[in-house]
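K.L.:
One structure is given below, represented as structure tokens, and several questions about it will come after.
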Amino acid sequence: MKYVYLFLPAIGWGLMPLVIASVKNSTVYNQIVGTVAASFIFGAIVMAIMHPAMSWSLFLLSALGGACWVIGQVGQYISYEKIGVSETMPISTGLQLIGVPLVGVLAFGEWSSPQAKLYGFIGILVLIIGVVLTSFTDRGTSEGNKSNQVSTIILLVLTSLGYITSSSIPKALHGNSVSIFFGQTFGMLVAVFIYTLVTKNLHVWKEKSTVQSGGAGILYAIAALAYILSVQDNGVNMAFVISQLCVVISTLGGLIFLHEKKTRKGLIFTIAGLILIIGGAMLTTLF
């Protein structure tokens with residue numbers, strides 16, 4: 001089963017954007033509410049079955065991480081609409097792969113040896129080049145005009161800070177992984193409720209498109225739980241690197257199944273960028 005747990009996160013997180021993009025007549029509000037509500041229900045069921053111990057400090061910090069995740073996910077969903085899944089995912093994933101290791105080095109003392117620092121910073125450089133390549137837009141693509149692309153990339157950079165914070169908080173926590181996951185889904189639920197309340201979009205909670213978007217939430221939750229189990233069976237480095245293959249599935253899936261168009265030059269740059277992103281991820285985690 002450890003190999004199932006190893007590859008399930010990449011499959012689930014890779015298919016998640018494709019499921020969201022396939023829901024007709026859905027807005028960002030439908031998508032984020034459906035995703036989060038389904039994730040919370042899944043997390044609550046797992047919590048009820050396994051009954052892990054949980055302290056208030058663990059719960060509150062996990063919830064904070066979940067709230068930060070919502071910031072990143074909203075930015076990603078907006079980007080799907082603006083520039084497409086096939087361009088959003090490599091950029092978003094690359095930014096997270098750059099940010100999370102840097103937080104680990106600065107806040108948690110990771111990459112303690114000179115060799116680890118050397119490979120780590122080379123990996124970050126490779127990741128940056130990969131992100132730049134995947135953001136290349138040639139004429140005839142479906143990503144929109146240049147100003148639209150630049151503004152969307154800026155949005156991704158800013159909202160990816162939410163992802164980075166969400167991924168970094170659990171490193172400071174010591175507790176059952178299922179408890180942390182449930183706390184995160186609760187924080188996600190509260191954050192999304194506040195988001196829809198402030199933007200006066202509470203009506204989306206009962207719309208059909210919101211329910212249909214719940215499929216993405218189930219995929220996210222299953223992948224997240226499988227990732228926790230994969231870390232236990234395969235180690236954090238191997239589990240993390242393999243999970244990042246989700247970017248390949250979502251990017252190629254956007255091109256093949258969602259019919260997002262790129263010219264030959266744009267496609268070459270995208271594939272080259274994907275290879276560099278995966279290579280950079282390996283350098284920053286396996287060495």
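Cβ atoms are placed via backbone N, Cα and C, with glycine included.
Relevant sequence annotations retrieved from Swiss-Prot are reproduced here:
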- 4-23: transmembrane segment (TRANSMEM)
- 28-50: transmembrane segment (TRANSMEM)
- 56-78: transmembrane segment (TRANSMEM)
- 91-108: transmembrane segment (TRANSMEM)
- 118-137: transmembrane segment (TRANSMEM)
- 150-169: transmembrane segment (TRANSMEM)
- 179-198: transmembrane segment (TRANSMEM)
- 211-230: transmembrane segment (TRANSMEM)
- 240-259: transmembrane segment (TRANSMEM)
- 266-285: transmembrane segment (TRANSMEM)
K.L.:
If you count every Cβ pair below 8 Å, which range out of 28-50, 150-169, 211-230, 240-259, 266-285 shares the most with the transmembrane segment (179-198)?
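P.N.:
The stretch I would name here is 28-50.
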K.L.:
With pairs 6 or more apart in sequence, are the transmembrane segment (4-23) and the transmembrane segment (240-259) linked by at least 3 Cβ pairs under 8 Å?
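P.N.:
In contact, yes.
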K.L.:
Can you tell me which recorded stretch out of 28-50, 56-78, 118-137 has the most Cβ pairs within less than 8 Å of the transmembrane segment (150-169)?
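P.N.:
Comparing 28-50, 56-78, 118-137 against the transmembrane segment (150-169), the winner is 56-78.
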K.L.:
Restricting to the same chain and to residues at least six past its boundaries, which positions have a Cβ under 8 Å from a Cβ of the transmembrane segment (56-78)?
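P.N.:
Sequence-remote neighbours of the transmembrane segment (56-78) are 17, 20, 28, 31-32, 35-36, 88, 92, 152, 155-156, 158-167, 169-170, 172-175, 179-192, 195.
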K.L.:
Tell me whether the transmembrane segment (240-259) sits in contact with the transmembrane segment (91-108), defined here as at least 3 Cβ pairs under 8 Å among residues 6 or more apart in sequence.
P.N.:
yes
K.L.:
Taking residues 6+ outside the transmembrane segment (118-137), which of them lie with a CB under 8 Å of any CB in it?
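P.N.:
Counting only partners 6 or more residues beyond its ends, the transmembrane segment (118-137) has Cβ contacts under 8 Å with 87, 90-91, 94-95, 97-98, 101-102, 105, 111, 143, 146, 149, 153, 251, 265-266, 269-270, 272-277, 279-285, 287.
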K.L.:
Rank 28-50, 211-230, 266-285 by Cβ pairs under 8 Å to the transmembrane segment (91-108) and hand me the top one.
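P.N.:
Against the transmembrane segment (91-108), the leading stretch is 266-285.
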